[in-house]
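A.B. asks: I'd like to ask you about the structure that follows.
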Amino acid sequence: MTPRYVLAIDQGTTSSRAILFDRAGDIVGSAQREFAQIFPQPGWVEHDPREILTSVYATLTELLSREQIDPRHIAALGITNQRETTVVWDRATGQPIHNAIVWQSRQSHAICERLKCDGHEARVRERTGLLIDAYFSATKVRWILDHVEGAQQRAERGELLFGTIDSWLVWNLSGGQAHVTDYSNAARTLLFNIHTLDWDDDLLALLDIPRAMLPQVRDSSTVYAHTRPQFFFDHPIPIAGIAGDQQAALFGQACFLPGMVKNTYGTGCFMLMHTGTQAVRSRNGLLTTIAWGLDGRVEYALEGSIFIAGSVVQWLRDGLRMIERASDSQALAAQVPDSGGAYLVPAFVGLGAPYWRSDVRGAMFGLTRGTRKAHFVRAALEAMAYQTRDVLDAMQSDAGIALTELRADGGAIGNDFLAGFQADILGVPLLRPRLTETTALGAAYLAGLAVGFWSSREQIAAQWGLDRRFEPQMEVARREKLYAGWQQAVAATLAFHVD
């Protein structure tokens, strides 16, 4: 039976989705399930790995049932995932020994500070392309081994496995056939040497993490395993593509040439520049990371990671109850000509690139008696654009490339106000693709390439379609005045920090 579709699992920070794509790269159907966010202490964020699995299984079942898809028509399954989020589970039982520690969580901050104080940052940066920060997986693993009784000894005996969410999903979907990850996810652990393309024994020794816990690292487009018999009506489907969410979006945006840049506006905000086969070291607080491994060759990227972006709208809705629906933010922001001088710095769990300060917290500046709800909401949306400008300026400096356009995706960029303001504050056109679900599309493309469903990257690039081009309309003087106000607000936020 001729395959017609590729299935993608997009396992995100707040929900899991299953999306089915046809050969043209169009969405045939999708399903989504949210799951609980666990906040044991301020600054800590956890997920129940079993609930993540349940949410994934539910979306797969719902999608195939509702669309009445014959599983024999599915060529392959691709996985994209929230990166850095860490799961440790029992090799024999498959049960996690602790909640997953989410990428946003700061609970391993003290471990990071010790590593910095002991002078390890330069070595870690040189080998991994990353900074020592609680954002990445390594210190999360160390925290779990320290806080679960007997975990260190069990890990040393080979009884425990570590993985990012992709590894956890493949292990379970395949019935334990494969303990694997891909280069893009491995590069986010703070344990992987991006130059030798292997787990770094010195870094493992530094954190006392047994190598036996770690997954095998493979290309981002290859057959890792097949789904276990009880899935998909006893028809095994090849699991053939894996990429961390931001690298998957870069692939889905067809940013295949050095210098091409995309920004994903999701829970966080993430800008990636493709740098080809060269690992460009940042001098401005950006990360050097692996974009993907394809056809036996690794390609690199520069990344600026912003911790809080679209989730600020969720905070307006659920925390402050200023809006009933996330979509209400666009209409409210449009009610006022500007933010009334208000700036929101959403450092709820610290500031990411290019500042990397985990000890600061969110702040609001410029409030007056005339500040209304619309000003507050507008300031929250504008904060996403200002943070992106911070990263873009650093990226241009590192790469020596003046950008001519930005390809944007993710749920928040469907907000026309945000898209237009982003183009204004950057001073370059923002291109929103016809299909904004580029993260899942990238995972589908990687899986489809592995099994011959798509023939080449050239075919994929030809399928990229434009929905709308947002040209900058703001005068340069006004743009720079607004941005200077943002920089002043950030400086004040950095001056007020917590222990």
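Quick reminder: no glycine exception, Cβ is built from N, Cα and C everywhere.
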A.B. asks: In Swiss-Prot, the residues THR13, ARG83, GLU84, ASP245 are said to bind sn-glycerol 3-phosphate. Which of TYR135, TYR183, TYR300, TYR343 is said to bind at that same site?
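C.D. replies: It is TYR135, as the record lists it for that site.
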A.B. asks: For the C-alpha pair, I'd like the distance in angstrom between GLU84 (sn-glycerol 3-phosphate binding site) and GLY411 (ADP binding site), rounded off.
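C.D. replies: GLU84 (sn-glycerol 3-phosphate binding site) to GLY411 (ADP binding site), Cα-Cα distance: 21 Å.
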A.B. asks: Check the binding-site residues THR13, THR14, GLN246, THR267, GLN314 for other C-beta atoms within 10 angstroms of each C-beta and report the one with the most.
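C.D. replies: When each Cβ's neighbours within 10 Å are tallied, GLN246 tops the list.
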A.B. asks: Taking the Cβ of ARG83 (sn-glycerol 3-phosphate binding site) as the centre, how many other Cβ atoms fall within a 10 Å radius?
C.D. replies: 28
A.B. asks: For the glycerol site given as ARG83, GLU84, TYR135, ASP245, GLN246, which other residues of the same chain have their Cβ within 8 Å of the site's Cβ centre?
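C.D. replies: Checked against the 8 Å cutoff, the neighbours are GLN82, THR85, TRP103, ARG188, GLY244, GLY268, PHE270, SER305.
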A.B. asks: Can you count the other CB atoms that lie within 10 A of the CB of SER15 (ATP binding site)?
C.D. replies: 15
